[in-house]
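> Pasting a structure below so you can have a look.
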Amino acid sequence: MLLLGCIKEVSDYELVISLPNGLSGFVPVTQISDAYSKMLSKQVAQGELLEDLNSLSDMYSPGTLVRCIVTSVEKSADGRRSIKLSIDPKKVNKGLNASALASGMLLSGFVSSVEDHGYLIDIGVSGTHAFLPRQKAQNYIKAVKRGPDLKIGQNLNCVIVEVKNEGRVVRLSVDRSEVAASLATERQNWTLSNLLPGLVVKARVQKVAPLGIKVSFLSSFTGIVDFMHLDPEKSMNYSPDQVMKACILSIHPTSKVVRLTLRQAFLHPGGSPNQLSNDRMGAVVEESTVKAFYKQFGAVFELDDGTLAFARLKHLSKTRKSFKPGAFKTGCKHKCRIIDYSLMDEMCIVSLKYQIIEARFLQYQDIHTGDVVQGKVFALKPIGMQVKVTDGIKGLVPSMHLADVILKQPEKKYNIGDEVRCRVLECNPAGRKLILTLKKSLIQSKLPVLSNYEDAKPGLITHGFVVCAREFGCIVKFYNDVKGLVPKNELSSEPISCPDKVFHEGQVVKVMILKCEPEQERLLLSFRLSSKTALEDKKERTPKKKQEVKYQIGEMVDVKVLKKKDNGLEVSVLEDEGNVIASIPTVHLSDFVANCKLLWHCLQEGDVLPRVMCLSDKGERIILSRKSAVISAVQEEQVVRSFSEIQPGMLLTGYVRNVMPFGVFVEFPFGVTGLAPKVSMSDKFVTDTKDHFVVGRTVVAKVMSIDEEKQRVLLNLKVSECSSGDSAAESFALLNQYFKEVKEIRNLLRRRGEPSMAQGLCELVPGKELQLVMQDVKEDGSALFSGSCVTGLTVTATRYHLGDKNIVPGDKTKALVLHVDALTSKVYVSLREELLKRRAKQVCVHGSQRTPSTLPSCST
């Protein structure tokens, strides 16, 4: 089928063509002309760019009319039809032969060669040599402003000026005035087999019908002008025998039906249809007026600015069942949204569907880098997964971005039709390119999106992903292909000799910008999330004057609190009459992270802390620790004092020094450190290391391997690997230590807090039974309670701990204390029968309440 089309978009590999009646098709780069295809093949064979090979964007621009032939109609994976076209003159003009050529004919041609006196033009007619003299091309070259010469592969509207040797030689003109004035006539001997779209003819009206008019032209031809291609200014004011100009739009090869247009923009060859202003695309029109309704096709509307728009039948209502023809009588008003613009019909395409009017995204221009979008999986390919965001917007999730980890068999995780939540890594509306990620760490990130080098200010912390790990460091990529280098000395606060063994391709990382050179598109990054570079940090750690230290690592001292700081306590050593100042970091107040915060909150200046261990004498001040497990390990000589003492298989007690995306650094007494990689951190699968460990947490680690040359220790923190044998005894010892500290905190609260509040918190120990009244039920299913014993406190039970009880606000009930959060004055309770019965049984067996610290419910 031959069609007249208008170039809508130009990309590197195809032309998107607007076709009549709101259709679209595309011309692949290989379907331009023979000469252009040969140059493409030559470039591929040589493997280097050819100077005289121009890109499609150099030769074509939106708004240009072209003759096309349909080569295939394919059905895509999502069920939509894709029309493949060609503008190759050998296919478009295949109905012509040399003997049929005549002066005044308007044909499509392509520049095949540039000569001294003009250009050889390929018009697709076998045995004919077409030549365009330079003087007949100068006005055109000046008007299009694409350089001093025509380019090989450039499409031209040519008028035959002279025919010689029975059509074997023809001379052409592309002069704009000559082309615009061309008119197909009977003496040019056009036949139905060689008739071309784009020809302007004189047509006579034969019949006027509701859906258009029937016309005759070139003596023996008849054609149809449908309602979308009548002159809008004349509407249906046509009468039989009326003569006017018309332009051929399409010729069907089998039915021989010829369609024409009476729109003014097409009545002068070489012209260009009117285009829609960019700011109108996607606009919602509150009131559009029905101009005409066609029950088999759709409705024509007049928008608020007077322009006409068309809505296909399927876009007039949500479903066919909900469609009401009576709502589309002439003059009725509707709310609609402009979803497209048909250049060939010079009409907006609109939709009245609520879901489209309210849609967040309608075209690629609506999507911005960093946006989180919903989509449906519609194809799985080796390069990644294709996702449909809307009917007109599709994106690609590269294989690296299908999950936080690389998936070897993505088909086991995703199925066609699955709903997925993605984040936009890159969006190029001009090239209709949308790159997405399914990495949860990036989707859920609250940090700023880095999508250009100008925004990369020193000190900015953001998320990226590793694309390369080598001896020199890591290359990290962000959004819109922005990337930077993390040098080896900025990978961690600890030395990393082989970055490729610690970091992997696709790994999501948090980085800080150290330096940016936007003009050179260079970024210097760091995984050390502080404002100090490695050099500055090293200088800062160098003591100006070391304090005289009389205490060895492991020695026990009593201290007095001098001052509370954000990161810990400043204390003086009592044995030295307060002359030695030391520090206890908050994380070293207890083995239990939750108790660390409570103790810091409760302790005040002047308090005395007995039996605190000297942990380090490096720097200007002694560092002390109250971690019982660490103290016990030192006192029982279950420690290593240097790297040379470490052996694989050892179980060592230490504390988390740093949590990185790739693993956890653990420090032991006497300064030895080791790394537990992500895969060795937990018996469960680790997605985010920060969900499993925090800085300061006391841990037992198993030595997996040592590298003496690089002074590196690899550790295992899996509970299944780090038990010394009697795990039950170890657990009860830790539990007992926890409750001893809780008791200490309760005593501090009694002395520090408000009398009534402190007394209430101190009495509410885990395992205690309370009489409560339900006050309210929250949206998440949890409930709030009140009672005389919990005045001023927030008492809550999760949906799970409400059990099977169906109680309503105002009901009285028994509850068991599970946990008391002294910092927030919150009490967590359970109404589950199995816990209450167990509690009652224990009271009955012992004749009185057991010590709360040994109740099973407390460990839960």
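Backbone N, Cα and C atoms are what each Cβ position is placed from, and that goes for glycine too.
Please treat TrEMBL annotations as automatic predictions, because they have not gone through curation.
As the structure is a computational prediction, the values presented were derived from the model and not from experiment.
Sharing the record's features from TrEMBL:
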DOMAIN    1-88  domain 'S1 motif'
DOMAIN    104-175  domain 'S1 motif'
DOMAIN    198-263  domain 'S1 motif'
DOMAIN    282-353  domain 'S1 motif'
DOMAIN    370-439  domain 'S1 motif'
DOMAIN    459-528  domain 'S1 motif'
DOMAIN    649-718  domain 'S1 motif'
> Between the stretches 198-263, 282-353, 370-439, 459-528, which wins on the count of C-beta pairs under 8 angstroms to the domain 'S1 motif' (649-718)?
459-528
> Tell me, roughly as an integer, the mean pLDDT over the domain 'S1 motif' (459-528).
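A mean pLDDT of 90 is what the model gives the domain 'S1 motif' (459-528).
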> Which residue counts does DSSP give the domain 'S1 motif' (649-718) for helix, strand and coil?
9 helix, 35 strand, 26 coil
> Just to be sure I understand, if DSSP states are collapsed into helix, strand and coil, how many residues of the domain 'S1 motif' (104-175) fall in each?
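Here the numbers are 13 helix, 34 strand, 25 coil.
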> Using DSSP, break the domain 'S1 motif' (282-353) down into helix, strand and coil residues and give each count.
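Tallying H, G and I as helix, E and B as strand, the rest coil: 7 helix, 36 strand, 29 coil.
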> Looking only at the domain 'S1 motif' (370-439), what are its DSSP counts of helix, strand and coil residues?
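Helix (H, G, I), strand (E, B), coil: 6 helix, 38 strand, 26 coil.
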